[in-house]
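A quick write-up on the structure given underneath.
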Amino acid sequence: MVKAYLRYEQASSFGVITSLESNISYDSTGKHVFAPALEKVGIWHVRQGICSKTLSPSSSRVGKSLAVTSIASSASTSVAVGYADGSIRIWDSEKGTCETTLNGHKGAVTALRYNKAGSMFASGSKDNDVILWDVVGETGLFRLRGHRDQVTDLVFMDDGKKLVTASKDKFLRVWDLETQHCMQIISGHHTEVWSVDVDPEEKYLVTGSADQELRFYAVKQNMPHGSMVSDSNANGVDASGDHHMNENKWEVLVPFGEIQRQTKDRVASVRFNNSGSLLACQMAGKTIEIFQVLDETEAKRKAKRRLRRKEKKSSKEDVAANGDASNEIEKADTVTVPTVPDVFKLLQVIRAGRKISSFSFCPITSKDSLATVALSLNNNSLEFYTLKGSENEKTATIEHQGHRSDVRSVALSADNALLMSTSHSEVKIWNPSTGSCLRTIDSGYGICSLIVPKSKYGIVGTKSGILEIIDIGSATKVEDVEAHGGTIWSIAPIPDDTGFVTVSADHEVKFWEYQVKKKADQEAKQLTVSNVRSMKMNDDVLAVAISPDAKHIAVALLDSTVKVFYVDSLKFFLSLYGHKLPVMCIDISSDGALIVTGSQDKNIKIWGLDFGDCHKSIFAHDDSVMGVKFVRNTHYMFSIGKDRLVKYWDADKFELLLTLGGHHAEIWCFAVSNRGDFLVTGSHDRSIRRWDRTEEPFFLEEEKEKRLEELFESEIDNSAENRHGSQDEIIEEGVAGLAKKTTVDVLSAADSIIEALEMAEIEKNRLAEYEEEKTRGKVPDLAPNVVMLGLSPSEFVLKTISKEKTNDLEHILLPLPFSDALKLLSYMESWSLIPEKVELVCRIATIVLQTHHNQLVTTPAARPILSVLRDILHAKVKESKDTIGYNLAAMDHLKQMMASRSDAPFRDAKAKLMEIRSQQAKRMEARLDTKTERKRKKKQKRLEDGTHGHAWA
């Protein structure tokens, strides 16, 4: 009889506020921040400081390949999220649902940006490619190739008609999206270009690299003649600007100048705020430099002042050249060319306490501040700063729901209602069911921990050798006990709940007893511990376990052996040796029959505790085994490793039952519930994950087959990546290609269509035979085909194709053999009669014609089908176009009628009025400016005339 086991699945993941691989982004309302949390995206309410929603992908892939690497929010509720496996998911942030998944990249997505309308977005990747995506059609438009290294950032310009991309290959590229080619390559950076952005008015483009300066470029295309930027160039462009324009008509970006940065760290990101009045430059350290962007009038005024100072200085130096100086001042007044320092003024520097991962400007600005900036730090926290003039103020911090560093130990209470976790500087108490953090207590570096049974206390063993006693109820540290002279590596409760055992790097094994005492300076009685026995070993002790009958104690030493002693007399009983590297973890089964050890040599060994014989040695993980634990009252056990995996074993059959992947870094610790219905793991990625036992049974053979399939799928992906990423392949300069990539899903969809065509052909033959028999004589009624759900061959094939996404059709139909493509064309005449399927039929016909053009032309059998389709499809497409046109016209008419009845024309009047007023104010300022200049010149002329007169006299 084949035995069935119950499956464990990941139920929840908590403890991560923000991960390092991706950027953060505000939503369009400015109330929420999208923060990456490993494979999920948390939507944090800024004011309340709580995670209101989580965008969690449902995928067969797990772990690091599914990490979020880029986030871009649009003006609507949709948000695009890029992942490490190259996929992009578009989410509805209000509903929390995934609208579509787009596959095109073969490497991690490193940059995402929507155009202003939000109708399309561009993505850049580690595979050096840029892909343009249609949001409405949910499809890839085209792929842009040309960069020689990872694409780091990109930005749309000219109403989405042009795209500027930055790369680690030290070049910027400007792409014309209408003609799909590269129109300009900008060199000059000495190191990788990490970020690029353009201001909302598209006057300036700024780039950040590891160079000591920020580089600025003037955007040429939309400049009115004689404007500030058209005249300005760091290289001293001709004032007229026309000659230069004609000379380089393809140049979109012209070098404008550069600004020295304050710090030596490389630039991580540069971004303008929504109004374009501020520019933030984030370094790959703890600082963000905020620059103020001065408007045209202010910049010209600053440039004039600068020139005047320069001329005064030169006139002082050379008194004899008075006339020349005045002439030059007059010249400076007529042609003022602002440089980068005239336009961009360093306002302030934000200094965070920890390294900054990314930042985002709030799209909504309050009246009393310049801007609000959200920062994600590398210690798993979010900070919010309000910028006021040359000062900034930290207004909020989100850090309660996660550890600042990796989780080193986890412990469950006896009733499984509380979970205690320790890290570098704090202990946190969680509700393991909801994943909410209940308490945070400051502590030392906790390496191991234990919740005292039937009590509200926790015991933490630290790196410094101190035992900390924590009162969970009041969230306070009760006492620090100087326990060991080295790191306390492991702690194990004594089965009768009277105390516990600790082992340390100081070669000591110590037995402790709980006591409740009232201290002189305290009102209530508090728990304390006292050392009752100790045992000196001859090497560092790394792990300890006590048998459930409290008869034996097993300790693991640094010399790779495990020693077993009697608990009562502490006499030596057994020595277990066989591991090549130190044993990191031990556990003894509930019946005391088996002892399991996990080591740095990646092996698990199962021993009999009666004679110390090794039953089996299993190569368990691809890296050090960090923990092993039996499920209570069974011989099933779990193991965790630095290879990020949790594995479920049958210790009697020595079989691997399940592999649970999900963590993105080494798993340090775990705890199994008393009933074995769930387990909790803590990792270097700062997440705590809960895995629940489900009611779904599984069989060992099925699981083995599944693992082989996964291996096969990963090989398909790798082979595709290897084909793509061969270094010998020379990419054609600035070319466009197909946006999609072949995935396992696409291949299986192609198989299902081929299978449907074969079944339809068999059904056709069955129907033909039936009709033939019917003509000969009486036959019973034909039974419908159950496999085809009682549908006709044509309907069945259409149903199969309609299941697939239209944007995947090109890749799905590509592997179809010519004979199957002909069969597909033969069904299209009947499909085109269904009005809602006309678009699908046209798309399929176009793909088949493009793919098999040469064979169709030379195949006489295809001509009748093609001539019929030519006549039908043109008429049907025209009919559909007419219907859509009629509906659009009707909707436009309704819109006009509604507008004439409502107050819509006056709604934007206030904004328009404000705009007109600001323009008038600017004109008045300019007039006043010119008046004062005239007066100054007249005064200067009078003075000069006076001095000449005196000299003449």
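Using N, Cα and C of the backbone, Cβ positions are placed for all residues, glycine too.
As stated in TrEMBL, the feature region 'Disordered' covers range 920-953 out of the listed 240-273, 376-409, 920-953. For the ranges 11-31, 95-115, 305-325, the feature annotated in TrEMBL as region 'Disordered' maps to 305-325. Residue counts for the domain 'Small-subunit processome Utp12' (794-896) under DSSP, split into helix (H, G, I), strand (E, B) and coil, are 91 helix, 0 strand, 12 coil. When each of the listed stretches 79-101, 400-440, 481-522 is scored by C-beta pairs under 8 angstroms to the repeat 'WD' (660-692), 400-440 comes out highest.
Residue counts for the repeat 'WD' (660-692) by DSSP state, with H, G and I taken as helix and E and B as strand, are 0 helix, 19 strand, 14 coil.
Outside the repeat 'WD' (481-522), and at least 6 residues removed from its termini, the chain residues within Cβ reach (under 8 Å) are 447-450, 452-455, 459, 461-469, 528-550, 553, 555. Counting only same-chain residues 6+ beyond the ends of the repeat 'WD' (79-101), those with a CB under 8 A from a CB of the stretch are 21-22, 25, 27, 32, 34, 39, 41, 43, 53-55, 57-58, 61, 64-73, 107-112, 114, 121, 123, 125, 127, 133, 135, 138, 741, 805. Along the domain 'Small-subunit processome Utp12' (794-896), the predicted structure has mean pLDDT 85.
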